[in-house]
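Structure, as structure tokens:
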């Protein structure tokens, strides 16, 4: 009798640990740290976590949970969005690193992206005037993947201005 109870308790403990690990890899600090590393690399000050922006991001991510569509919210904040395919445990750092990887395609001198490339996610990450971020992550329904969004205040990517 004791063995099945012990096995069930052990299984529940392992499941709880896995949930905590997943949440631990998507904490506010897991978003803030890679943002600040990228910003520090170009001499820009740190961003801090905003619960207001987090709530906005979570509300929008919840709206994308059924389709996981890479579509911007149209909200009043700067915004980066990320989609990861089903079957992988996409984390906060995966999204931020994806955006920061666009640095190689950004030319500061001309304030443009390389031909045929995207770099606006990177420039939003390092936008000097942006001082607060809030992010959210959802696992989309029907095996559609993971949707991650970060919002920025003040918003960046203002035409004609350099990010730093």
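The chain as shown is numbered from 1 upward.
The backbone N, Cα and C atoms fix where each Cβ goes, and this holds for glycine too.
For reference, Swiss-Prot has these:
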DISULFID  68-140  disulfide bond
DISULFID  113-119  disulfide bond
DISULFID  135-150  disulfide bond
DOMAIN    34-152  domain 'SCP'
MOD_RES   25  pyrrolidone carboxylic acid
SIGNAL    1-24  signal peptide
Sequence gap of 6 or more, C-beta under 8 Å: which same-chain residues meet both conditions with respect to residue 68 (disulfide bond)?
83, 140, 144, 145, 146, 147
Counting every protein chain shown, other Cβ atoms within 10 Å of the Cβ of residue 25 (pyrrolidone carboxylic acid) number 15
Measuring Cα to Cα, how many Å separate residue 150 (disulfide bond) from the residue listed as 'pyrrolidone carboxylic acid'?
15
Surrounding CB atoms that lie within 10 Å of the CB of residue 135 (disulfide bond), all protein chains:
27
Far apart in sequence but close in space: which same-chain residues, 6 or more away, have a Cβ under 8 Å from residue 113 (disulfide bond)?
102, 105, 106, 107, 119, 120
Residues in the domain 'SCP' (34-152) per DSSP class, helix first, strand next, coil last, are 44 helix, 28 strand, 47 coil
Mean predicted confidence [pLDDT] for the domain 'SCP' (34-152):
98
Integer Cα-Cα distance in angstrom, residue 135 (disulfide bond) to the residue listed as 'pyrrolidone carboxylic acid':
13
Looking at the disulfide-bonded residues 119, 140, 150, which sits with the largest number of other Cβ atoms within 10 Å of its Cβ?
150
Residue 25 (pyrrolidone carboxylic acid): secondary structure state under DSSP, collapsed to three categories:
coil
